[in-house]
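Per Swiss-Prot, the features are as follows:
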- 70: active site (ACT_SITE)
- 74: active site (ACT_SITE)
- 96: active site (ACT_SITE)
- 96, 98, 101, 128, 170, 208, 239, 240: S-adenosyl-L-methionine binding site (BINDING)
- 399: N-methylthreonine (MOD_RES)
- 400: N-methylthreonine (MOD_RES)
- 401: N-methylisoleucine (MOD_RES)
- 402: N-methylvaline (MOD_RES)
- 403: N-methylvaline (MOD_RES)
- 404: N-methylisoleucine (MOD_RES)
- 405: N-methylvaline (MOD_RES)
- 406: N-methylhistidine (MOD_RES)
- 1-246: region 'Methyltransferase domain' (REGION)
- 247-370: region 'Clasp domain' (REGION)
- 371-393: region 'Precursor leader' (REGION)
């Protein structure tokens, strides 16, 4: 539905680590919003939000209550934000972690706002899962990863795959539909884990550090340990459970042949091992023959002839940074690029022309050049810049990253 009304809704994530995970993008919206709602867990972030905002702030946690169904709370959280949107305000709501991961009122509010003709969007934040990838040290792509919510896992009797990483969220609120977290049903989750992994398989109880004074929790237990009363007490609403792979999935030789991977897929396996070399207790060799050969070439490396470096005036550097961080400027630019650009001093004619398209291709084209072209004073022609308007590619680096991820 086309947006026709003046109010807007932006949902953002504060990340996990207090203040440190708030992105520059979120900060820019915080400084420009008319009304700010938040549902976060630590007072430092709350103080930061209040100090950096210009609009009225409201704590959504006030709608939680031990005697209320959480579903009722989530509807109320959504509705109070929507009321201000309907009144024509630009509303920002900041939620702990990633605002779209295991969060109900955010998706509800965005869906309703859009259905009523308002502009609504979500800005990402660091989730517990992102934090876990860094702290525990594993790549979800190798050999794959499944993410489940604890209660949903049990209700739908989902089978966990022992050949991939398994992440189970909200293990400290199994079967809870209010705000009473007593771990009474935790044993049902342990039953399920024993069925799929056995009692001696090791798992990690994970809680990412929130406050500057906090310490990250990465406690390792066997699944049978999870039945011990003193262990169960350690699981809270911020707990996540990581279950490492128990076995290696068999290779499908028919597909290997179709992909033209030789033998047992050595080329793919080498890449997979390189991705997973930092995983805990992986046992992988960081400097095998292939890795060492790559290292040996470093001292003799020369950039290819088509390698491009940054070539940008101070004006385009400032403007593109402001465009990324200032929502109001971005809105005005998208409505009428030329009128905004006319007010920016210092842009070269090529830079202004490239920016006038409001397309990424011309900007990439004009802000990079080979060292040889720079030394010779060569500039891209206007036709070359215009010809890149249909390109979304940021160049070889991003293309290479995509190929590596999907190989």
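Just so you know, glycine gets a Cβ as well, placed from its N, Cα and C.
Projection of Swiss-Prot feature records onto the structure.
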residue: 70; record: active site; DSSP (3 states): helix
residue: 96; record: active site; DSSP (3 states): coil
residue: 101; record: S-adenosyl-L-methionine binding site; DSSP (3 states): coil
residue: 128; record: S-adenosyl-L-methionine binding site; DSSP (3 states): helix
residue: 170; record: S-adenosyl-L-methionine binding site; DSSP (3 states): coil
residue: 208; record: S-adenosyl-L-methionine binding site; DSSP (3 states): coil
residue: 239; record: S-adenosyl-L-methionine binding site; DSSP (3 states): coil
On average, what pLDDT score does this prediction assign to the region 'Clasp domain' (247-370)?
79
Structural state census, the region 'Precursor leader' (371-393) (DSSP three-state):
11 helix, 0 strand, 12 coil
Proximal residue to residue 128 (S-adenosyl-L-methionine binding site) among active-site residues 70, 74, 96 (C-alpha distance)
96
Which has the fewest other Cβ atoms within 10 Å: 70, 98, the recorded positions listed?
70
Within 10 Å of the Cβ of residue 101 (S-adenosyl-L-methionine binding site), how many other Cβ atoms can be counted across all chains shown?
17
Site extent for S-adenosyl-L-methionine (largest Cα pair distance over 96, 98, 101, 128, 170, 208, 239, 240, Å)
15
Same chain, 6+ residues apart, C-beta under 8 Å of the C-beta of residue 239 (S-adenosyl-L-methionine binding site), given in sequence order:
171, 172, 205, 206, 207, 217
Across every protein chain in view, the count of C-beta atoms other than its own within 10 A of the C-beta of residue 170 (S-adenosyl-L-methionine binding site) is 21
Within 10 Å of the Cβ of residue 74 (active site), how many other Cβ atoms can you find? Include all protein chains, please.
21
Validating a neighbour-count step here. Other CB atoms within 10 A of the CB of residue 240 (S-adenosyl-L-methionine binding site): how many?
25
Residue 70 (active site): nearby recorded positions from 96, 101, 208, Cα cut-off 10 Å
none
Are there any residues at least 6 positions away along the chain from residue 96 (active site) with a Cβ closer than 8 Å to its Cβ? List them or say none.
13, 14, 16, 39, 40, 41
